[in-house]
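Taken straight from TrEMBL:
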- A:102-390: domain 'ABC transmembrane type-1' (DOMAIN)
- A:21-46: transmembrane segment (TRANSMEM)
- A:108-131: transmembrane segment (TRANSMEM)
- A:143-166: transmembrane segment (TRANSMEM)
- A:172-192: transmembrane segment (TRANSMEM)
- A:204-222: transmembrane segment (TRANSMEM)
- A:255-274: transmembrane segment (TRANSMEM)
- A:300-320: transmembrane segment (TRANSMEM)
- A:371-393: transmembrane segment (TRANSMEM)
Amino acid sequence: MHDSSSSPLLRRRLRQGRDRLATALITAGGIGVIAAVMAIGVFLAVEVLPLFWSSSPGEPEVSLASLWLPQPYPGLDEPVYRWQPALPEGEPGPRFSLAPLAWGTLEAAAWSLVIAVPLALGAAAHSALFMSRRLRAHIKPTLELLEALPGVVIGFLAGLVLAPWLERHLGLGLTLLLLLPPGLVLGGALWSRLPGRVRQRLPLGWSALWLLPWLLLLWGLANGLAPWLEGWWFGGDLRTWLAAHLGLDYASRNAIIVGMAMGFAVMPTVYALAEDALSGVPKSLAEGAQALGATRWQTLWRVVLPAAGPGVFSAVMIGAGRAVGETMIVLIASGNTPLMTASPLDGLRSMAASIATELPEAAPGGTHYRLLLLAALLLFVFTFLVNTLAEVVRTRLRRRYRRLGGTP
Amino acid sequence: MIAVLRRCLPAWLLVLVGLWSAPASAEHHVGTLDTVGSDTMAGLILRWGELLSEHYPGLRVQLQVAGSASAPPALTAGTTLLGPMSRPMSEEERQAFVDRHGYPPREIVVARDALVVVVNRHNPLSSLARREFDAIFSETHYCGAERGIHQWQALGLDFPAGPIVLHGRNAVSGTHGLFRREGLCDGSFRPEVNEHPGSAAVVEAVADDPLAIGYAGLNHLTPGVRALALRDPEGRLHEPTPLAVRRDDYPLARDLRIYVNQPPGEVLPVAERTFLELVLSVEGQAIVEEMGFVSLPAASLARQRRILQPTRDET
C-alpha cells in the first residue's frame, strides 16, 4: 500500500533494464556469430598462406600450376592430374593436384541438382498451386521434415543398399528411366478422357495420392519389360554392353548414385524454399490471369513462375551450396576415386570427403595439411558466396511482393 | 555394415573392458593397463582384455584405437607402456623413443596376419602373379607388365566378362602402403581404385559384384569372397592358409607386434606383465585363431617370452 506511488516507476525501470539486457545479449550473440564466421575464414587463410610463400624443408613444393594443371610424374607417359597424398617414406614426392577434387565436388553437386531441381520444383509448383489444401497441409511438413534426415543415413542407404541394387538391376533402372516420364504423361492423358463423374471422384488436387497405384503399375511393367529390353537391345547384360559399345565402365559407386543420394538430401530444402516463393505470389495475380481466361498451366508458366523466379533461383542456389558442402553422402557413396572424367558412371572424390578422411592423418603444418585447409577455404568461400547471392535475391523478391500487395 | 560403421566413426575410440570388482583373492593383481595403437589389432586386444579380467577380476584393459602410427608417440611420451602395431616401428620412431628414454623399446610378436587379394565367390580365378596384380591395380607397371589389364578376359577367363572393378583401402592405411610396396613395386595405384575406409567395406563391396577385385586383411574374409593364391615367378602357388602364413611361405604375411616400454634390468608392472604372459599363452593364442589371425608356434612363443626377461640386454 505504502509503495503504491513508486511501484509503477520501479516496474518501468525494471522493464527497461530487462529490455536493455535482452538487447545487449542479442547484439552480442549476433556479433559473436559474425565474428566466429570471420574467424573461421581468417584461420583457414592464415593456415593456407604459407603454402605459397614459404616452403618448409622436406615438404614438396606447391604452386598454382602444380595444383591446377596436369603434371608429369615418373612412370607415366603424359602429364596427368593426380591426388595421391600418402606415399611411403623415401618415395618421389606425393602428388597434389586439387583439380580432380574440385572436379569431383562440382560434378557431384551438378548431378544432385540435375536430379533434385526438376523434382523439387515440380513438387513445389504442384503443391503451391494445384494440390488440395488438406493434402498440402500433410505433405508439405512431411517433405520439410525429410530435411532433418542426417546425411550419413542417406549415404549409407545409397552406398550399401541403392548402389549394389542398381548394379544388379541396371536394366530395370534404365527401363524405369525410359518408362516413367511417358507413363506419367499417359496417366494424365487417360485421366482427361475419363467420364466427368469418375473425374470428380479423382480430383486433380488429390492426384498425388491416386497416382500412386498408377506408379506401382508402371513399376511392375518396367520389371516385366527390363529383361526383355536388356536381352533384345543390349545383348543380355547392359553393363557389358556399355563397356563394349560405349567404352563406359560402370563403377558401382558412381556420380549418378551420388547425385541420387545427394539429390534426395537437397530436395527438401529446394522444395521448401521454392514452395514458399511460389505460394507467396499474391493471389490477385493468379486469379487475375485465370479471370482473363488463362489455363492453369499458362498461369503457372507465364505469371506465377516469373513472379517467383528470384525465389526459385535462390532455392536452387541454397541447394547447390548444400550439395557442395555435403560430406558423408559423397564419402560413402562415391567410391572416393579422384578421377577427372565426364562419365556419370565413374566414381569421383570430393573436397569435403578428402578433408574428412585425410585431415586426421595429415601432419599439422605440412603441405598435405595446408592443402586440405585450402580445399576447406575454397568450400567456405564458395558456399558463402552462393548463400549470400541467394539471400540477396530473396530479399529483393520479398520487396517486390510487398509492392505487388502480397502478404509475406 | 556394423563393421563399416565402426570404421567410419571418428578415429577416437575408447573402450573399457572389465569391471572393477572386489579384489579379494588376488590382492596384487589390481590395476588398469593402457594400450594405444593399431586398429587392426583392436579386436584382439579387446578379447585378450576380457580374458585377463576373467582370470584376474581386479585387472582391466583400457584401449585407445587410432592406428599403428599413434603407438610410438604414446610410448615415447610415456602415456602407455604397451603399443600394439601392425607394422614395424620406423627408424625415426625408434630413435625418438631412445632419445627420450635412453633405451630401445622391446618388440614382441604376438600373432601373424596376412593381406589377401579377394574376388567375388562366383569368380573362377584361382591365382594371381605379382606382375598381373601390378598390371591390374597400378598405372605405373613397375613390376614389369607391358600394359595394364582392365578386362577380365585379359586374364584368360570367359566369366566374368567385362571391366575389372577395383576396390582398396584409403591412402592412410597400412594395408594400402604394404600393397603399394609389395604388389606395385612402389608404383602408384590407378585413380580408379575405389577407396574404402576399412577392410570390411572392401570385402563387402567385392562380395556384391562379380566383376570386382580388392585387397584386405585376412581376418576380414567372409563367405561372399575368395582369397586368391599368389603365384611366384617360378609358377609355384602360395595359398594364404594358416600354415603358410605361420611359416612365412605366403608373401604378404606380416607380424602383429606389441612394443613394450620396459627399462633394462627391470620388470614390468604387474598388470602389463600378466597381460603379456596371457597373450603368449595357449589360451591367448587360441583367441588369435578365433579372431581370424594366425597363431604363433610354441618355439617362437618361448622366444618372445625371453624378450621380456628383465636381464635381457638390448642392443
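Here the Cβ of each residue, glycine as well, is placed from N, Cα and C on the backbone.
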| request: Grab the same-chain neighbours of the transmembrane segment (A:371-393) for me: Cβ-Cβ under 8 Å, and only residues 6 or more beyond its ends, written as numbers and ranges. | output: 40-41, 44-45, 47-48, 51, 62, 67, 85, 96, 98, 101-102, 105, 310-311, 313-315, 317-318, 320-321, 324-325, 351-352, 354-355, 358-359, 362
| query | When you scan the chain for residues with a C-beta under 8 Å from the transmembrane segment (A:255-274), skipping those not six or more beyond its ends, what do you find? | reply | 107-117, 119-121, 123-125, 140, 143-147, 149, 151, 154-155, 157-159, 162-163, 166, 308, 311-312, 314-316, 318-319, 322-323, 326, 329-330, 333-334, 343-348
| Winner by Cβ pairs under 8 Å against the transmembrane segment (A:300-320), considering only A:108-131, A:172-192, A:204-222 | A:108-131
| query | Under an 8 Å Cβ to Cβ limit, what residues of the same chain, 6 or more beyond the ends of the transmembrane segment (A:172-192), are close to it? | reply | 166, 199, 202, 207, 211, 214-215, 218-219, 221-223, 225-226, 229, 238
| message | Can you work out which residues elsewhere in the same chain, 6+ from the ends of the transmembrane segment (A:108-131), have a Cβ less than 8 Å from its Cβ atoms? | response | 139-140, 143, 204-208, 255-256, 258-268, 270-271, 274-275, 277-279, 286, 296, 299-300, 304-305, 312, 315-316, 319-320, 323-324, 326, 330, 334, 344, 348, 350
